[in-house]
Amino acid sequence: MKRVLLLLLAVVCGHALERGRDYEKDKVCKELSTLGKDDFRTLSLVLYSRKFPSGTFDQVMKLVKEVVSLTEDCCTEDADPGCYDNRTSALSATSCESDSPFPVHPGTAECCTKEGLGRKLCMAALKHPPQEFPTYVEPANDEICEAFRQDPMEFADKFLYEYSSNYGQAPLPILVSYTKSYLSMVGTCCTSASPTVCFLKERLQIKHLSLLTTLSNRVCSQYAAYGKEKSRRSHLIKLAQKAPTAALKEVLPLAEDITNILSKCCESTSEDCMAKELPEHTVKICDTLSTKNPKFEECCQEKTPMDIFVCTYFMPAAQPPEPANVELPTSKDVCDSKNINVMDQYTFELSRKTHIPEVFLSKVLEPTLKSLSECCHSADSTACLNAKGPVLKKEVSSFIDKGQELCAGYSENTFTEYKKKLSQQLRAKLPEATSAELAELVEKHSDFASKCCSINSPPNYCDSEIDAEIKNLPEP
């Protein structure tokens, strides 16, 4: 499977590697022969659905059909030697046409300014940002079976497209394994004498794989949005907030461990990478943090490692042990090459003492830490930090205050209670507002809070939304 997936990734846009087109073509043809047309087509559909999540079903299917066709045609013994290269070149040319039948990527136009191999490599490298809000909703059992009985192949194709485009950040082997298991369940239960009983039994069998798929999609989406270093900081912030009585030396290795796991597993073609690494990580969490917060202790009583990880992942932040009054590090500390953890220490202290969602802290820490580091490259680092320090501290404090105002009460109440209290607060602030205006404001603020005021809020979406919401806050 590992080699197959790697080669299919190469096929996506005729990705001829430096070792040569003939070498690549031979590999692809061998895998087509090994897999067979149907499995090759299925994997291609999963890959393109992930790669082009904004493409329509018809667009993705046309691309799949074309790639499978050219691979079949060019892999026959009597195929023209230039068949593979010519057909993949024609495929990339068609992708550049204004009325292209294939899915479009925002970066396609730039790739189309290149020619030949450069264009193919450019298109092969295109990636969509993570789908931070999956919209796939599984139909009811009777709807599933009705669609399956009408056309089993079309049902399978549409499911593969919809699920893969929504959960495309899950590691490819996990995504393939789950979708294959799901379709097997549908085929079994929709031909069963007791479909309802069958679905209950089969869903229980694939529950672990389903959970692994959706959760790995979520953590890998955040990793893709942040990148390795920001992801590391993000996990440090979350752990500091969940275990504010722990020490940096206890939470930093855990933040680095989960970041390394995501770095290794999110793009891995190994079928058991995530399934093997996450349980080992949960053991480290429980060994280190179960005495730091009763909620960690509760989570560590769950039956399976995956259940433990889910419990700790969704655990809310604890109440800070003391009010936030964190001093910026000095120029001596910041610029001392031996003091490698000074930025982490500042991040840790600010996070554990601040009751504000991680996306807010990550957003304000990025420019703050960058400004501190820049002082080390100035002619007089001490003077630089003395000048910037008070301004940075004021900006951080102001941003945190605004973030706390935007998310006040969200994590402490049910959503219904939160909206009720929000309505009362807005009514007190805006006594002249009409009922309709008030209702609109409540919906707007509560929608923002539901997406950006939790500990695992999506960074890409919330980055711009936070700016917009803060801009609309009245000046004190």
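Think of each number as a place in line: the chain as shown, counted from 1.
Every residue gets a Cβ built from N, Cα and C, even glycine.
As given in Swiss-Prot:
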DISULFID  CYS29-CYS75  disulfide bond
DISULFID  CYS74-CYS83  disulfide bond
DISULFID  CYS111-CYS122  disulfide bond
DISULFID  CYS145-CYS190  disulfide bond
DISULFID  CYS189-CYS198  disulfide bond
DISULFID  CYS220-CYS266  disulfide bond
DISULFID  CYS265-CYS273  disulfide bond
DISULFID  CYS286-CYS300  disulfide bond
DISULFID  CYS299-CYS311  disulfide bond
DISULFID  CYS335-CYS376  disulfide bond
DISULFID  CYS375-CYS384  disulfide bond
DISULFID  CYS407-CYS453  disulfide bond
DOMAIN    17-208  domain 'Albumin 1'
DOMAIN    395-476  domain 'Albumin 3'
CARBOHYD  ASN86  N-linked glycosylation site
SIGNAL    1-16  signal peptide
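Here the domain 'Albumin 3' (395-476) returns a mean pLDDT of 91 for the predicted model.
For CYS300 (disulfide bond) paired with CYS311 (disulfide bond), the C-alpha to C-alpha distance reads 8 Å. If you check the recorded positions CYS83, ASN86, CYS145, CYS189, CYS384, CYS453 against CYS376 (disulfide bond), the ones with a Cα inside 10 Å of its Cα are CYS384. Classification of CYS190 (disulfide bond) by DSSP places it in coil, neither helical nor stranded. In the structure shown, across all protein chains, CYS299 is the one of the disulfide-bonded residues CYS83, CYS198, CYS299, CYS375 with the greatest number of other Cβ atoms within 10 Å. In sequence order, the disulfide-bonded residues near CYS375 (disulfide bond) (Cα within 10 Å of its Cα) amount to none of CYS29, CYS74, CYS273, CYS453. Restricting the recorded positions CYS83, ASN86, CYS407, CYS453 to those with a CA within 10 Å of the CA of CYS75 (disulfide bond) leaves CYS83, listed by sequence position. The C-beta environment of CYS111 (disulfide bond), restricted to residues of the same chain at least 6 apart in sequence and closer than 8 Å, consists of SER92, CYS96, ARG119, CYS122, MET123, LEU126.
The Cβ of CYS311 (disulfide bond) has GLU298, CYS299, GLU302 as same-chain neighbours under 8 Å, each 6 or more residues away in sequence. Among the disulfide-bonded residues CYS189, CYS265, CYS384, the residue whose Cα lies closest in space to that of CYS145 (disulfide bond) is CYS189. The shortest Cα-Cα distance from CYS384 (disulfide bond) to any of the disulfide-bonded residues (CYS83, CYS198, CYS265) is found for CYS265. Listed disulfide-bonded residues near CYS220 (disulfide bond): CYS265 (candidates CYS74, CYS189, CYS265, CYS273, CYS453; Cα-Cα distance within 10 Å).
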